[in-house]
Every structure is written in structure tokens, then in C-alpha cells.
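Data first, discussion second: the structure below is written as C-alpha cells.
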Amino acid sequence: MEKLASLYHHHLATLQARAQTVLARHQLDALLIHSGELLTVFLDDHDYPFKVNPQFKAWVPVTQVPNCWLWVDGVNPPKLWFYSPVDYWHNVAPVPESFWTEEIDITVLRNADDIGQLLPSQRERVAYIGYAPQRAQDLGIRADNINPQSVLDYLHYHRAYKTDYELACMREAQKTAVIGHRAAHEAFLSGMSEFDINLAYLTATGHRDIDVPYGNIVALNEHAAVLHYTQLDHHAPSDVRSFLIDAGAEYNGYAADLTRTYSAQSDGAFALLIKDLNQEMLALIDTVQAGVRYTDYHIQMHQRIAKLLKSHQLVRDISEEAMVEQGLTSPFLPHGLGHPLGLQVHDVAGFMQDDRGTHLAAPSQYPYLRCTRVLEPGMVMTIEPGIYFIESLLAPWREGELCQHFDWQKVDALKPFGGIRIEDNIVIHDGRVENMTRDLNLA
């Protein structure tokens, strides 16, 4: 904990420096960052699960408490109004005492509506960051200072560069997720249903289903062809062929995002395809370095997918280069290579080229790529190639001048397996890449 306290001290200094810069640039006095508010279910008396403002948890690891406020001026210690009501109906989070609290000026807020009386009275040059704009208006924040885009652009852009504290938190999230993945794999081998595999994952990680950073994808057989499958059947299929799990964890608000695919049989075409895709993925990661645009690695992965499709005789009589140029790899890999990772699973500013918000869209050929930035030290990315057998994407290729290049018998034989996705989380360093996932020996 002492090490984390030291890392947090330097993390806070970095955030303070960023705050000073953005406040001076936009002639603002302070940022007022709101943790968020509870949203009540329509025509009911209970609330949706609370999700904290990511810009709030960047400063303090308070992730489950609504109605908290941070006042940041970049010079003085950030002031936190921590919501702790007198309430016997609901659990009330204790006022924090942890590795980070000596750095923050904490005041207890008993009544959420009292915040207006407690904030500094001069708010004409204060920017509100949060998802309750009406609350900001009620506090006297000017309309053009409610989530000002230029301020958000600056904050989002620099969030790509993780501090050592953030990297430490993300490594802890990896450890938890890896424990869950191993438990889920054992549950799969024992013949459990998707629903029960998911329970095994949550139990092993100590998460509730509302605590994981995104809805777990636990897919058997053809369900793996649905990229964001979250149905969770209660009954295992009579013939189990494959298992894809895309599931993460959180630590102090920072996410892990891991995917693995397994074959029920250790031999056969599908098992070999998993093995070979894994090798191509690791080979690609070995080439990753700072100074290269992420888009280039996405295109390189399509070239590697073309190589696999040819070597497994799913596509024939056409060069690998022509396969990529003609788009034959796209129905097998319809999503991007990966995305920035951090406080959010799909972390912000993947397309942002500078801290003033200059946007570089994904290439038209690959519209679902989530990052076009040049990789730099401190960035954390996912690398998650896949090969899927999705009929709605394959159907247009069953006719036309290129259809003869597909071995449809072999393609159709793999459709009952759904597809493959393998995902690691990597850190870009100066001169090397850290694979946080493989460092924990998750094969």
C-alpha cells in the first residue's frame, strides 16, 4: 500500500499539471467534477446500477458513490465532498481512509442538495464535468461551461498516457481477470452452461455482474459468432464444440479486458485454427513499437488473417495481398484489432491526434477500428484479432466473381464453432512492449 501511495502522489501531480494547463488555456478558475447521480427506473421506486463519471475516478478511486464532487484548480489539494448520508434504507459507504486520502481535502456531504451552499460562491469561470447538466445549471454554472468540448478534448487526449499508478492498477485488474478466466475454463471443461460459467467467473473474481467493466461474453458453439453475445443460456448444449469468453475486471476504477477461445476437442480443424491465430497474434505483438500508427497494425493483422485463411484452405487460388485488397478477410475479421484501455474499456480519444481534438477517422475499408493514433510510451491497448463464421457476413460472398475462392464446404464445417477471438492487454514502453496478460501466464 505504501508503494501505491507513492505512485498515487505522482499520479495526482500529473493530473494537477494537466488541470493547470487546461484551466489557463481556457481562462477558467476550476473544474467541478461530479461523480454522478442515481437514475430511478421509470414508474418505479428503485434505481439503475450506478456508474461513476470516468473523469471523476481518474482523480480518486471512488467508484460506487453518487453525489460526490471534486473541486480542482491545479494548485491547491483537490477538494472532495464525499456523500455520506444518514440512511437506514440503503448501505452508506464509509468516509474513505486509504492510501490516497492524505492527498485530498475531504468534507462529508450529508445531504446531496446542500452542495450549492458548500461550493465556492464564484462559479462564473468554473467548468462542470459530469452527466447531470441540469444540476450544473442549478448550481449557477454557465451553459457554455457545462462539459465544454475543448476542455474534454484536452483531458481525454492526455488520458491515453497512463501514469505509473494507473499501470499498477491495471496490472492488478489483470490479475483478477486471469483468475476469473481460469475458473471459467474449468467450468467449461466440467460441462457447465453459459450461465453457470459466468457465475464461476464472477465468484472467482469477487465481482457482481454490475461490477465488471462490461457485460461478460460467455459463448458456447455458434453463440461465439455474435460479437457481443450476452444471452447466457441456462442449459448446456448436448454437443459442446467451442467456448469463447470475453470478460474483464476492475481495480480502483481501471479495467482489464481479456478474451480466450477454446475447442472442446484438442485436435481437429478448429483447435488448429485457434493455435495458429494465437501464434500470429503473438508475432504481431512482437512487432509493436512506439512511433507507429495503430492503423498499420490493424492492416498487418488482416495480412496475417489472409495467411491463415490460405494455410487452412478456407480461401484458395488468390494471393494474400489480393485477399486483403479485395476485402476477403473482412467477413472473417469484421471488427478492429483493438482499442485504448483504461478508466473505460473502450477508452476515450482513440481517434484524437492532438489535445485540441483533431480527429482522424478509421479507414473506410475498416469502419469499426477504434483507434487511429500513433502509439507512444504510456499507452495501453488491446490486441484482439478474431476469425468468425458469421452467415450474414459470409452470405454476400457466396455469389459473384470471387465466390470460387472460398472453400465453402470447409467454411460451413466451421460455422457450428461460431468463431475465435483472442485478446491481450499491452503497454507501450520506450523500446519495448509489456504484455500484461501473458506475463500472468494466461495461455
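Note that Cβ sites are derived from N, Cα and C of the backbone, with glycine treated the same way.
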Q) If Swiss-Prot gives Asp257, Glu423 as binding Mn(2+) 2, which of Asp246, Asp267, Asp412 does it give for that site as well? A) Asp246
Q. Can you pick which of Glu194, Glu376, Glu384 Swiss-Prot lists for the same Mn(2+) 1 site as Asp257, His339, Glu423?
A. Glu384
Q: Using DSSP reduced to three states, classify His339 (Mn(2+) 1 binding site) as helix, strand or coil.
A: coil
Q. Any idea what the Cα distance is from Glu423 (Mn(2+) 2 binding site) over to Glu384 (Mn(2+) 1 binding site), rounded to a whole Å?
A. 4
Q: Could you round the CA separation between His339 (Mn(2+) 1 binding site) and Asp246 (Mn(2+) 2 binding site) to a whole angstrom and send it over?
A: 14
Q) Excluding Asp257, His339, Glu384, Glu423, which residues of the same chain place their Cβ within 8 Å of the centroid of the Cβ atoms of the recorded Mn(2+) 1 site? A) Asp246, Leu258, Thr259, Gly338, Leu341, Val345, Thr382, Ile383, Asp424, Asn425
Q: Would you list, in sequence order, the residues of this chain other than Asp246, Asp257, Glu423 that have their CB within 8 A of the centroid of the site's CB atoms, where the site is the one recorded for Mn(2+) 2?
A: Ile217, Ala247, Gly248, Leu258, Thr259, Thr382, Glu384, Arg421
Q. Cα distance, Glu384 (Mn(2+) 1 binding site) to Asp257 (Mn(2+) 2 binding site), nearest Å?
A. 10
(Q) Please list, in sequence order, the residues in the chain of Glu384 (Mn(2+) 1 binding site) that are at least six apart in sequence and whose C-beta is under 8 Å away from its C-beta. (A) Thr259, His335, Leu337, Gly338, Arg421, Ile422, Glu423, Asp424
